[in-house]
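As recorded in TrEMBL, the features of this protein are as follows:
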TRANSMEM  A:7-27  transmembrane segment
TRANSMEM  A:39-55  transmembrane segment
TRANSMEM  A:67-86  transmembrane segment
TRANSMEM  A:92-118  transmembrane segment
TRANSMEM  A:130-150  transmembrane segment
TRANSMEM  A:170-194  transmembrane segment
TRANSMEM  A:226-246  transmembrane segment
TRANSMEM  A:252-273  transmembrane segment
TRANSMEM  A:285-306  transmembrane segment
Amino acid sequence: MVEQLPFWGGLVLPVVLVSLVAAAAAWDSALASRASGGPASALVAPFHAVAGLLVQQRRRTLAADLLLWRGGALALVGAGVLASLVTPLGRWVVADFSIGIVWFNAMEVVAWAAVWLVGWGANSAYGLIGGYRFVALGLAYELPHMFALITTALGAESLRVGDVVAAQDAVWFVVWMPVAFVVYLLSVLAMAFWGPFGQAVAADLAGGAAAELSGVDRLLFEAGRWLLLVSGAAFAVPLFLGGGSGPLLPDWLWSLLKTLAVLASLVWVRRWVPTVRMERYQEIAWIVLIPLTLLQALVVALVVLAR
Amino acid sequence: MWAQIAFWVCAVGSVVTGVAVFRVDSMARATFALLASFVFAAGTVLLLNLAYLGILVVLMMIMEMVVMVVFMIMYMMNPAGLMPMTMVHNQKGSLAIAGGVFAALVAGIFLIPWPTSGDPRPADPTRALGEALMGSKMLVMMVLGLCLFATMVATVVLATHRGRYDRYGDRLDAKHPDDPVRGGLNR
């Protein structure tokens, strides 16, 4: 069962998330280094990068909208942290909202506004196009993503994350909702504009939405992006992978291990799948993924009605 | 006491950001001031224990405002909103309309005999509200939903400048549609 932590849970959450981000960034850096035959010291490269960005002077562009530009990067970080308020680690959760799944989705959608603001605020053509690419991608992934989330709520007959975990006592949702699981992971990648969905910050736009970012601004933006990826990977565990259930080990450790496994595979996908253009994904999402997720929801609804 | 403070923060915040929509000189700032106003309004919904509706307002409004920025670059007088602009047009007319609507609404607050109830607050206000709205009026809601959907399809059909004859040829016999942008399925 899931129980809510006292107020200090909210203070511990960012520490846990940042540790996961550090682990994922180190793993990503190691994969990159191995692929290019680089040195084994790549594990610490992300930490060097963070230190470098902290001391780098911030560049300003002409007639930038500073409020929206910097607000966008902050909102991205805030969204990544707040989305995880409802994610249980074992049996502990920071906030056990009765509408946890809707809360998670609402916080993720903040990224839509945040990335567009970062791209727009700099008053740079590349940034602007990057921001609009993200909006176009968002229109493609959000509906299948919502249907995937709703399917788990349907299976548990509750929007409370604790109830979704409890409903997986016998069978994990991934077993009878495989389509929703795959679509969920795809949209987590898209939400963090990661790997195949990295068009918003692609090299062909000189960095897209992030083109003009430097110093602390770039650090916040990159951190927010990683936090969204980590939050999405961590939320897959209570939704589809039975939460903290597992033999021998304590439940918090199981939650952590499952989160790390999902995170590691998401990071690995980046090196394995080429970038997909938004207009291509748009058609795939609307013509293949939405009907598939609707069918999945129908199957789950029939099972729920029959039992 | 905290609920009182939260209500006034939300109420004042909603009005102030609502005013800001018409005071700022950039389309993007106006859009996001409007979003802030809606989020504050969602705060008052949350105070009524309508958690689902409150969070849904936040979710939908963010998506709505981001969809609005798509139209912003298409229709606004200042492409991409990168030049100063004003949200105020036809000042005298809009002032008269706004004043009239405000007066009517305030008069409504004081003149309508609002129902009072001694019943305790329901355990799940969202469910109670849903049943009050949809229980006896489900037929109206379904017809309404159908009309909205039909309107959306009709506006898209009327607005698109490329129909199926442009895509599949005059005899609709082309194997692959002739589209300026190819989709991902190689149809």
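Each position is counted from 1, following the chain as shown.
Just so you know, glycine gets a Cβ as well, placed from its N, Cα and C.
TrEMBL entries are annotated by machine, without manual review.
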Interface-richest range of A:39-55, A:170-194, A:226-246 toward the transmembrane segment (A:67-86), CB pairs under 8 Å: A:226-246
Cβ contacts the transmembrane segment (A:7-27)/the transmembrane segment (A:130-150), at least three under 8 Å, sequence gap 6 or more: no
Interface check, the transmembrane segment (A:226-246) with the transmembrane segment (A:92-118), three or more C-beta pairs under 8 A: yes
